[in-house]
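What TrEMBL says about this protein:
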type	residues	note
BINDING	GLY47, PRO48, GLN49, SER50, SER51, GLY52, LYS53, SER54	GTP binding site
COMPBIAS	784-802	compositional bias 'Low complexity'
DOMAIN	37-252	domain 'GB1/RHD3-type G'
TOPO_DOM	1-681	topological domain 'Cytoplasmic'
TOPO_DOM	727-814	topological domain 'Cytoplasmic'
Amino acid sequence: MATSDECCSVQLIDGDGSFNDTGIESFIKEVKLHECGLSYAVVSIMGPQSSGKSTLLNNLFYTNFREMDAFKGRSQTTKGIWMAKCAGIEPCTIVMDLEGTDGRERGEDDTAFEKQSALFALAVSDIVLINMWCHDIGREQAANKPLLKTVFQVMMRLFSPRKTTLMFVIRDKTRTPLENLEPVLREDIQKIWDSAPKPQAHKETPLSEFFNVEVVALSSYEEKEEQFKEQVANLRQRFNHSIAPGGLAGDRRGVVPASGFSFSAQQIWKVIKENKDLDLPAHKVMVATVRCEEIANEKFTGFTANENWCLLEEAVQSGPVAGFGKKLNSILCTSLSEYDAEATYFDEGVRSAKRKQLEEKLLQLVQPAYLSMLGHLRSGTLEKFKEAFEEALNGGEGFSLAAHNCTESYMALFDERCTDANVELANWDCSKVRDKLRRDIDTHVASVRAAKLLELTSSYEAKLNEALAGPVEALLDGANNETWPSIKKLLQRETVSAVSGLSSALSGFEMDAKDKEKMLTNLQDYARGVVEAKAREEAGRVLIRMKDRFSTLFSHDSDSMPRVWTGKEDIRAITKTARSASLKLLSVMAAIRLDDDVDNIENTLTSALVDTKSNAAVTDKSITTFDPLASSTWEQVPPAKTLITPVQCKSLWRQFRAETEYSVTQAISAQEASRRNNNWMPPPWAIVALVVLGFNEFMTLLRNPLYLGVLFVGYLTVKALWVQLNISGEFQHGVLPGLLSISTKFLPTVMNLLTKLAEQGQSPATNNPQTNVGAAAFKSFQNGSSSSSTSSTASSGVTASGNDIDYSSPPKED
């Protein structure tokens, strides 16, 4: 390819008919033909070999085609087809220099290549210059006539919708005026057209339907160079703005856009080489299809590498992007606008179809990002809904009202954000994502609703459990005739309170009446279940309760003080009372009595277990007599309300009697022991006998006061020994143990008393020694009385108490 400052040229088709696709691509890029759209023109020239075609082009368009060297002789200069850009002509004009006809170099192959090149020139050119000698006009065997026949023949193979301008350039014009030459030339052209074979459809078609014929004449370049250049300069003016209406290339129908020129020319030459008819309208569609597809692929590739798109795609993967729809729509519109700008001159149907395909591909590419954006919006809206819903509930707003307000608010927010994320070109439907969000919100509301209802129910159940369990246990512990009525009143009161509270709490949920009634009924059943469960629990401990009640009543008096068995108590009556109370507890615990049903459990138990006369009567009867407790059910009591069956009651009573028998036995033993301990004084008749029989001795003592003093001292001594030895306490455990204990403590106690007396005797005597001895004895008696509670078993204790006796101090007078 040759280049210069003003123009550049390239061999488009070489002499062997090979299309230079690489060269034309470089040429088009260099001359920037692809930027021209439809604003370009193609001019080609054909004519006999060595007729000055290249010279004419170089002078007319300022090209640099190779010219023949006249000094070397006449020979083929241009081989194949060359192409160059015209310098200084607007719009962009491309000129093709065709190989001359009738050249001896090709020989017999000249006709074939001549037709192919002529057909190619007519297919791609807007203006065809036919270079001819002036002296050939009017001649039958002129060199230009085969060329014209070729042009008209190949024109029949072109199904072109536009007219091609045929400009006959008469070279080396003579003195004959152009006005005289032109009619002759046009007559010759018409004769050639009429004689040219034509399809049946064009038999009568005039030449003017296919060609605009122009005739110009130029002086000889060698003889009149200045005049030649002046005429060429005038002709050049006609090529400026040649595509304007009325210009040389004013018919723009079927023009291939500049960006598709290279491909179009290549495909045209390929069809011509294959000797096929060339349908230019179909070829135009084919070129448009290929080029529009290439442009679309370029724009798609450019879009995938677009920095803004890559940043947007990366950002939307990690979270929602503000203005996502506008940003993405802008990037898409930019790519489509670029496509429109480059493909605007191609066939509209093809262009629109390929644009639609490009748009679909782009939207398919960006749809995952759009779906990710919707996913972020859905999840973000759902999380905000949850927070707002929880805050509304915590603020005391009604559940249904809070759910409705939050749902409407955040669905509207989602719609607003979807509008922001919407891509105008796509017109995608986000209803599925919206429906998914609504389902998620409804599911969350339902789960929170269920949790809140469960929380409410659990709260009231806990309150019922707290309000019923303890009081029921206490009432059952103090079982009496009013136990079950009291439990029933308690149950009704607490149930009504709980049901009322739950009903008020449920008003904010706008529940279905049937569901609400079911919940309230379940709460009532739960309250009853708490009572029944507690009753069954206490029934399992009934034996312990019976023993506790028996122990309480048997071992404590009416003032709840521990009972002391003194021998005056009626153990039989006390035992019967305690056992009757225990049996009462058993009868109360035998069945659940929350309804108004009446039963005879207490009477049955009393007659079967406590009533001795009835028991005796049953014993006297035959073995076939019916036992009221030999059953697993109570009369008038359904099994569901039975806590302790009759058989179990009989077994429990037997075990109860066995385990409480010991307490009764111990009480009887304690009573007998108390009686024995209280019988150490002689009976009254003995005391009367002693007074009657000892009257003389008593009188003797009165007559002699000294005996009375000795007796008094002896009494004090004996009393001291009595107290020190704790004789009454020792004999409480029996006579023999008391004697043994006293015998072991007697001698140490006597020695202790004598030692004290001796110590007191060594001290200074007072005026009344007898009084001192008496005072000492009295003191010893007082000390012995105070220490008798701590020295009842060991002689060392007695000795210790005796050491505290003070014989030196006289007794205080009251």
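Quick reminder: no glycine exception, Cβ is built from N, Cα and C everywhere.
With the fewest other C-beta atoms within 10 Å around its C-beta, SER50 stands out among the binding-site residues GLN49, SER50, SER54. Packing around SER51 (GTP binding site) is summarised by its Cβ count: 26 other Cβ atoms lie within 10 angstroms of its Cβ, all protein chains included. The least crowded of the binding-site residues GLY47, PRO48, GLY52, judged by other CB atoms within 10 A of its own CB, is PRO48. Model confidence over the domain 'GB1/RHD3-type G' (37-252) stands at 80, taken as the mean pLDDT rounded to a whole number. Just so you know, the Cβ of LYS53 (GTP binding site) picks up 28 other Cβ atoms within 10 Å once every protein chain is counted.
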